[in-house]
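Single-structure report; data block below.
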Amino acid sequence: MAEKKGSSGEKTLYCSFCGKSQHEVKKLIAGPSVFICDECIDLCNEIIRDELPAGEDVRETRTDLPTPAEIKATLDGYVIGQEPAKRTLAVAVYNHYKRLRHKEKAKKDDVELTKSNILLIGPTGSGKTLLAQTLARTLNVPFVMADATTLTEAGYVGEDVENIIQKLLQSCNYEVERAQQGIVYIDEIDKISRKSDNPSITRDVSGEGVQQALLKLIEGTMASVPPQGGRKHPNQDFLQVDTTNILFICGGAFSGLEKVIENRTEASGIGFGALVKSKKTRSLTESFKEVEPEDLIKFGLIPELVGRMPVVATLAELTEDALVQILTEPKNAVVKQFSKLLSMEGVDLEIRPSALKAIARKALARKTGARGLRSILEQSLIDTMFDLPNASNVDKVVVDESTIEENKAPLLVYRETAKKA
């Protein structure tokens, strides 16, 4: 019976499965002529969960993990080009979080999946940092960026490597469980390379010393972090964070690595009978494609650290066409940002194609990659943006090639002129 009449004449509803009345349970859910209580629902869930095999298809159990194609599609919205790097990153990150799902359900005798940290190599301004930031936004996981140049060995002035984990905890409001599945991006990893190929007899506290300190953190260790960001002192309770499941992405420009690669790939003999080879001038992109672990070790990374970053993604130098795309296409493109700024003054911004190419050429000459685009456009518009708030009848600002190349003032189209035209 799902319902009975009480002494007062009111109908009392009962669970069709366990027979408890609506007053004995928190919730009673009605179906067609039947009812089920919250306790029976919980019991059914437990039975289903227990009977689900450990090797069940991941697609059935995952709810919030995007596929590699979905991850790459999000990256495409913010980062122009760099297709191989985006594909490598998407697959590596997807496999990492798939591994975590597997670990939660795996039996003792099951295959153990190990972590694959990532190393991004590419010239300055090619999109390494932007890729990592967009990745974290896509996955909705705790994310922190650390600068390797500020790190020193424990006991010296500077940041300890454990400060990175402290920042990760801060980013997720000190939820240890969430932090243990986050992403850490360590920028400028090439700046902590040791100063010579041979181990030094003097102490290198910001180079090889930091690499040694990063080893266990990247591989997986229990890091002791002071609660709420305080300083370490004796008799203090520490938060214990297991870094085994934290994905580490390291990035760097590795300026000079191309010479190490060329010396290895274009080695020629000496003496009268040796074959004389002419040195080919190769681009950074071509050189970085041939990078091997031995090149990174020769550059100054210690072998143990190179071994802990098995996934290496190289980013290409940006071409003129790619820089023009970066100016206009991404969701947060520089041109869109300046158009928005001028629209707040009631003014339209038109940047002609010849001007876009001129900006790209100038950025290439500066060798600053995509970072140089904003400063070039800002420089061209600074005087106009200074005068615009006081001008009441400007309808449009037009930037052409001469504005960029010859530093001429942009063309101002006034409302009266616009109406006549």
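Yeah, the Cβs are placed from backbone N, Cα and C, and that goes for glycine too.
Annotation comment: Swiss-Prot describes 3-56 as domain 'ClpX-type ZB', evidence class sequence analysis.
The Zn(2+) binding site annotation in Swiss-Prot covers C15, C18, C37, C40. Proximity of C40 (Zn(2+) binding site) to non-local residues of its own chain (separation of 6 or more, Cβ distance below 8 Å) is seen for C15, F17, C18, given in sequence order. Look at C40 (Zn(2+) binding site): DSSP puts it in a helix.
Other Cβ atoms within 10 Å of the Cβ of T129 (ATP binding site), summed over all protein chains shown, number 17. Per Swiss-Prot, ATP binding site is recorded for P123, T124, G125, S126, G127, K128, T129, L130, and the stated evidence type is sequence analysis.
Apart from P123, T124, G125, S126, G127, K128, T129, L130, the ATP site neighbourhood in this chain, defined by C-beta within 8 angstroms of the site C-beta centre, holds G122, G251, A253, L315, G369, A370, R371.
Taking the mean position of the Cβ atoms of C15, C18, C37, C40 as the Zn(2+) site, the remaining same-chain residues with a Cβ inside 8 Å of that point are S16, F17, G19, K20, V25, L28, F35, I36, D38, E39.
Local packing around the Cβ, expressed as the count of other Cβ atoms within 10 angstroms, is greatest for S126 among the binding-site residues T124, S126. In the three-state DSSP reading, S126 (ATP binding site) counts as coil. The Cβ of C37 (Zn(2+) binding site) has 24 neighbouring Cβ atoms from other residues within 10 Å, across all protein chains displayed. With the fewest other Cβ atoms inside 10 Å of its Cβ, the least crowded of the binding-site residues C15, C18, L130 in this structure is C18.
The Cβ of P123 (ATP binding site) lies under 8 Å from the Cβ of A253, L284, L315, E317, K367, G369, each on the same chain and at least six residues away in sequence.
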